[in-house]
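Okay, structure first, notes after.
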Amino acid sequence: MSFNMSNFQAGSSMLSIGLNWWQALITLFCGHVIVALLTMAIGFPGLYHHISFPVATRIAWGFYGSIFVVLNRIILSIVWCGVQSWQGGLMTYVCLRAIWPGIDNLHNTVPEKTGMNLQQFIGFVVYFVIQLPFVFLNPSRLRYLTYIGSVSGCIVQVILAGWACATMGSGGFGDVMADEASPLVGSQVPWVGVYSISVTISCMIAGALSTCDYTRFAKRPASALCPQAVGFAPAWVSNVLGILTVAATQQRYGDRLWSVAQLLTAMQSTNPATKTRVAVFFAAFGFFLSQVSLNVMGNTFSGGTDIASLLPKYINIRRGQLLTVFLGLVINPWYLLSGATIFVSVMSAYAVFLQPFIGILLAHYFVVQKRRIKVSDLYTLDSQGIYWYTCGVNWRSVVAWVAAVAPHIPGFLMTVNPSIQVSTGVLQLYYLSSMTGFLIGQNSLPPHAKVISN
C-alpha cells in the first residue's frame, strides 16, 4: 500500500518548510526507516501471541486503562477514514470527468462554504458506494485487495513520472530541483530536517499502531517481519516519483501541482483530446484502487477492531468497520480539508499523544516482561490477574504517558493556534516530539512487582 496518493504528495510538505529536494528525500528516507523499525517492534505481540492491538495495550495499561488508548486510535481511524474517502472521491471525479467532460457544466448547487462543489460530491458518493462492499470482506480476502491496490499504484506512479520526465522539454525540472540552495541558514537546516523526520513519522504512526491487528493472522513470524523490514523502500520511491513528476510538469502547467487531482485535471484541461482523456482515466483509476486498498486496510479494519474490542457483545469487527465508515462521513471531511494546511498540521501533531503509547507498550513487553505474557489474563476481569493492577488501571503507565506528553503541549498548542508564541527551545523540543515522546514514555515506566513475579 506504499504507492498511494499520500506518499506521492509527501514531498510538498517538506519543500514548503524550506528544505530543497535532496534534503527532503533524505529526511523522508530517515522517517520511513524509523517507522519500519517501530512497525516491526509493535507487531511482535500479534506475531507471537496472536492478539490484536486493543488486547495488547492491556499488558501495559490494564483492562480498563487500555480503553483510553483504544479511544484515541478510534478517533484517528474515523477521521482518516473520512479524509481518505474524500481523497478517493476526488480521484473518482477525475475518472468521471475523463469519461464525461460535460460533468463540469452541471450547475453547482453546493454552498461554497462547504469546501466542495457538486461535481466533487458526485465523485465522493460514487467512491463511497464502490468502497462499501469491500468492508464485508474477511482479512484473508483483503490481501488480494492490497495486492491490486499496491500494483496499480506502483504502475501508475512509474508511468506518470516517466511520461513527465520524457516530455518536459527544454524547461527541465524548473526551480523544484534547480534551486539547490536551501533558504534556511545556520542551525535552522538540521532542526528543520529533524522536524521533517518527525512529521514523516507522525503521518504514518497511526497506521503503525495497527500492526498487531494484522500480524496476529500471520502463519509464521518471517511472513510478516520481512515485508515490514523492506516496506519503507517503496514508500520512499513513491516520494521520489512524486517530486520528479511535479518538477517535470511545473513549466508546462505554470505551477507546482502537488495534488494528484489537480495535476490530472490540468492534463485534461490543457489537452482535451480523446487519448489524453483515456490516459487521465487510467491514471486516476490506478490511484482510486490504491486509495480503496489503503482506506479499507489501514483505517476501517483497524477502527472496526478497536470498536469491537470495546463492545464485543454487540459489535463484531465488520459492524465496527461499518461504524467507522459512516462516522467518517459525519465529520464532513470535505470541510476539514478546505482548511487543509491547519488540519493536516494538527493531525500530524497528534502524534505527540500517540508516541508515548508505543514507547510504554514496547517497554512493558520487551523490557519489563521480556516478551513473556499470560494471554488468558488479558481476557478476564479478575482482580487476581496479573494485568488487573489497581482497579483495572496501571497508574504507572498513566504517569509515564503524562510525563512524555507534557513537555510537548506548548508546541502542540502553537500548531493548533499559530498566534501562540513559544521560545526557541520549546519549539525545538516539539520538533523532536516523535522521538522524545517515545523515549520519555519508554524510560518513565517503572516495573510492577506483580508482573515480574509472574
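Glycine residues also receive a Cβ, built from the backbone N, Cα and C atoms like all the rest.
According to TrEMBL:
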- 20-47: transmembrane segment (TRANSMEM)
- 59-80: transmembrane segment (TRANSMEM)
- 118-137: transmembrane segment (TRANSMEM)
- 144-169: transmembrane segment (TRANSMEM)
- 189-209: transmembrane segment (TRANSMEM)
- 229-248: transmembrane segment (TRANSMEM)
- 278-301: transmembrane segment (TRANSMEM)
- 322-343: transmembrane segment (TRANSMEM)
- 349-368: transmembrane segment (TRANSMEM)
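Below 8 A, the CB atoms of the transmembrane segment (20-47) and the transmembrane segment (144-169) form no more than two pairs separated by six or more positions in the chain, fewer than 3 in all. Counting Cβ pairs under 8 Å to the transmembrane segment (118-137), the top-ranked stretch among 189-209, 229-248, 278-301 is 278-301. Proximity of the transmembrane segment (144-169) to the transmembrane segment (278-301) is established through 3 or more Cβ-Cβ distances under 8 Å for residue pairs spaced 6 or more apart.
With a threshold of 8 Å between CB atoms, the same-chain residues lying at least 6 positions outside the transmembrane segment (189-209) that come near it are 6, 10, 13-14, 17-19, 23-24, 26-28, 30-32, 34-35, 38-39, 42, 53, 73, 76-77, 80, 182, 298, 302, 348-351, 354-355, 357-358, 428, 431-435.
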